[in-house]
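Worksheet: the structure to be examined is printed underneath.
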Amino acid sequence: MKPVIVVHGGAGRIFKEREQGCRTGVIRAALQGYSVLKQGGSALDAVEEAVRSMEDDPHFNAGCGSVLNEKGEVEMDAIIMDGKNLASGAVSAVKCIANPIKLARLVMEKTKHMLLTDHGAHLFAQAMGVPETPGEKLITQRSLERWKKNLEPDSNPEEFQKDLGTVGAVAIDSEGNVACATSTGGLSNKLVGRVGDTACIGSGGYADNCSGATSTTGHGESIMKVVLARLILYHMEQGMSPEMAADTALDYMKTRVGGLGGVIVVSNSGEWAARFSTKQMSWATVKDDELHYGIYAGEKHTKSVDEALASGSEGF
């Protein structure tokens, strides 16, 4: 099986001045994940590496760069899933951790549970020797300004929610195993303790070797209502292509509950899709040593992996 990886940097509205950073960030993540696959690594390792790369990138609403809750704190959610045996690990409302996706993987591999939250997740992280990152180190100037703006009496936080930078990755490895990973800081000025779709299996992501893997982004509460990730794979089980399954599920979410979002999908035969009902979604994929990437609907650039690696982040 030829390995494939697809990543997204969140669906929503990407402001002009941030386009370059988002584009570069998803390309870097896709190339890093693909490098794992090319060296014979697992889909699980590849999606974790790709998401870790975007958590460390302040352009995205995950890890460093996460939006703030109503109290001005970062609370993050993440999930990872292995399509081989449906094993999954997730964390929700975690603070003071640079890479929630790594903690989610530890939940999957070192506990009998699938989801740890808030204080319990914090205790588990300590027990696993995960280094603590001071909360303020995860806060960017942009997130702080947005939080303050949303506190103003006449502000409309909903307006800002259109710029959602949840990150995710899906992959298939040379052995035909699929995996997904998703990580987010959630909604700006959310209530303390709010958990969205990301940490919920079947909503923020799902992976099953019988069909494929998907990672979602967008309005979390809407995604949860339709269990978006699992819905896409259901359509694929009925014979739809990844692209048609994604469009059908996104359309259903829009008409049924008025929710917008985006998804990335890889099938168990290595077909892929990156689709969205929002204005934009930064995405990148690598298959057959070719990199494809875009932000706007209908936009798709192609480069060879060698060319992309040679040109570095300035070349996009």
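A Cβ is built for glycine as well, from the same backbone N, Cα and C atoms used for every other residue.
Sequence annotations record features per position, and here TrEMBL assigns active site, nucleophile to THR166. Long-range neighbours of THR166 (active site, nucleophile) (same chain, six or more residues apart, CB within less than 8 Å of its CB): HIS8, GLY10, ALA11, PHE60, ASN61, ALA62, THR182, SER183, THR184, THR198, THR216, THR217, GLY218.
As annotated by TrEMBL, substrate binding site applies to ARG194, VAL195, GLY196, ASP197, THR217, GLY218, HIS219, GLY220. Of all Cβ atoms in the protein chains displayed, 28 besides its own lie within 10 Å of the Cβ of GLY218 (substrate binding site).
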Within 10 Å of each Cβ, count the other Cβ atoms and name the one among the binding-site residues ARG194, HIS219 with the highest count.
HIS219
Listed in sequence order, residues with CB under 8 A of ASP197 (substrate binding site) and six or more positions away:
SER203, GLY204, THR216, GLY220, GLU221, ILE223, MET224, LEU228
For a quick check of understanding: given the listed substrate-binding residues ARG194, VAL195, GLY196, ASP197, THR217, GLY218, HIS219, GLY220, what is the maximum Cα-Cα distance in angstrom, as an integer?
16
